[in-house]
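Presented below is the structure to which this report refers.
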Amino acid sequence: MSLLQFSGLFVVWLLCTLFIATLTWFEFRRVRFNFNVFFSLLFLLTFFFGFPLTSVLVFRFDVGVAPPEILLQVLLSAGCFYAVYYVTYKTRLRKRVADVPRRPLFTMNRVETNLTWVILMGIALVSVGIFFMHNGFLLFRLNSYSQIFSSEVSGVALKRFFYFFIPAMLVVYFLRQDSKAWLFFLVSTVAFGLLTYMIVGGTRANIIIAFAIFLFIGIIRGWISLWMLAAAGVLGIVGMFWLALKRYGMNVSGDEAFYTFLYLTRDTFSPWENLALLLQNYDNIDFQGLAPIVRDFYVFIPSWLWPGRPSMVLNSANYFTWEVLNNHSGLAISPTLIGSLVVMGGALFIPLGAIVVGLIIKWFDWLYELGNRETNRYKAAILHSFCFGAIFNMIVLAREGLDSFVSRVVFFIVVFGACLMIAKLLYWLFESAGLIHKRTKSSLRTQVEG
């Protein structure tokens with residue numbers, strides 16, 4: 001890449017970054033937080049944060065990259081995607097009418113809410129316990145990170161339930177919403193994330209998500225400022241780099257350490273070059289249609305229920321890894337959101353996907369606002385826990401693609417909804433047995449005086 005080519009790419013990158021950052025800043029000033037703000041920051045991180053890192057790798061370490069015209073296509077496709085997404089998100093689908101009291105779809109009380117977070121936490125802890133009994137601490141047993149996807153590791157399906165510890169702790173926080181509950185959320189979820197990091201063998205997702213939710217709650221409540229958020233972001237990047245070194249068993253120093261930091265940070269937070277590799281092989285792609293979305297559900301179907309279930313699922317990430325890159329190392333390489341749309345239907349699917357994503361984020365913000373307006377604090381805690389708990393799925397959406405997001409968000413909704421139903425059933429059983437006694441002001445006063 002020549003300096004002239006780099007200069008042209010830099011101008012496009014700067015314009016796209018300023019365009020997205022400006023719209024995000026205006027939205028932040030208006031509402032402080034919503035899921036449009038979160039997705040916009042996530043989109044910036046995924047498709048634009050990596051450009052400066054790639055530039056340093058090219059000019060400082062002479063690392064090879066895709067041709068400049070391909071990198072230009074990546075930047076332009078990301079900028080156009082966001083423009084279509086933003087217009088879709090801001091488009092009002094129906095006229096605003098005065099709030100009319102409606103019969104709520106469901107209600108929650110104190111016992112049901114506490115039962116819900118206990119069940120969610122129980123699912124996570126039991127799953128971790130069973131996985132640990134089968135495999136021990138994989139971080140200290142395996143020689144390479146790719147081995148966690150091999151047949152040596154049993155009970156891999158249990159990892160999908162680990163994440164429900166975070167929604168459980170979110171319910172606990174939203175029931176109190178003070179600084180102590182906020183700090184308790186951070187300590188408990190990060191400790192759990194470190195435990196799963198050691199047990200699973202290097203998976204950092206739970207730590208990243210817990211830290212991100214902690215920061216966004218702090219921004220919403222005004223407990224941290226923007227400069228503190230930026231400082232925490234830098235600390236998070238350094239922390240993720242250190243965990244990556246431990247995961248891959250690397251011991252580096254000097255120029256090698258700087259080089260390793262650049263490419264690991266780029267691959268962790270901004271896999272934009274993966275989209276460049278995909279576009280570079282555009283003519284070799286056999287468009288998959290909506291099949292990757294259907295196939296991604298296969299992993300949630302037990303083999304005893306479907307004996308003939310394919311052992312290898314050809315979703316967009318695996319198609320990109322196996323068919324496009326001819327990489328059979330055992331690791332699936334993230335195609336990114338735009339890349340998954342290209343695998344499914346080529347360039348035509350990019351604006352269509354942007355419209356779909358705009359509607360998805362609009363729906364989550366509708367739920368979030370519903371929780372903000374809810375007068376029942378227990379129902380509000382459940383709604384907010386569900387919305388913030390889905391942040392992991394939004395990260396999957398930006399990094400892995402639309403197909404991975406759809407299957408995971410459906411799984412999340414089913415499990416979360418099942419926990420709600422079980423909590424309500426248990427409450428009904430306890431109440432029928434006479435074990436539930438409603439609190440009264442007189443009984444509370446007696447307890448205080450006693």
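The backbone N, Cα and C atoms fix where each Cβ goes, and this holds for glycine too.
Going by Swiss-Prot, these are the annotated features:
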TRANSMEM  6-26  transmembrane segment
TRANSMEM  37-57  transmembrane segment
TRANSMEM  63-83  transmembrane segment
TRANSMEM  118-138  transmembrane segment
TRANSMEM  155-175  transmembrane segment
TRANSMEM  181-201  transmembrane segment
TRANSMEM  207-227  transmembrane segment
TRANSMEM  228-248  transmembrane segment
TRANSMEM  341-361  transmembrane segment
TRANSMEM  378-398  transmembrane segment
TRANSMEM  410-430  transmembrane segment
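Just going by CB pairs under 8 A, the stretch in 6-26, 118-138, 155-175, 341-361, 378-398 that sits most against the transmembrane segment (207-227) is 378-398. Counting Cβ pairs closer than 8 Å and at least 6 residues apart in sequence, the transmembrane segment (6-26) and the transmembrane segment (63-83) reach three or more and so form a contact. Taking every recorded stretch in 37-57, 341-361, 410-430 and counting its Cβ pairs under 8 Å to the transmembrane segment (155-175), the highest total belongs to 410-430. Of the recorded ranges 37-57, 118-138, 181-201, 410-430, the transmembrane segment (378-398) has the largest number of C-beta contacts under 8 angstroms with 37-57. Stretch with the largest number of CB pairs closer than 8 A to the transmembrane segment (63-83), among 37-57, 118-138, 181-201: 37-57.
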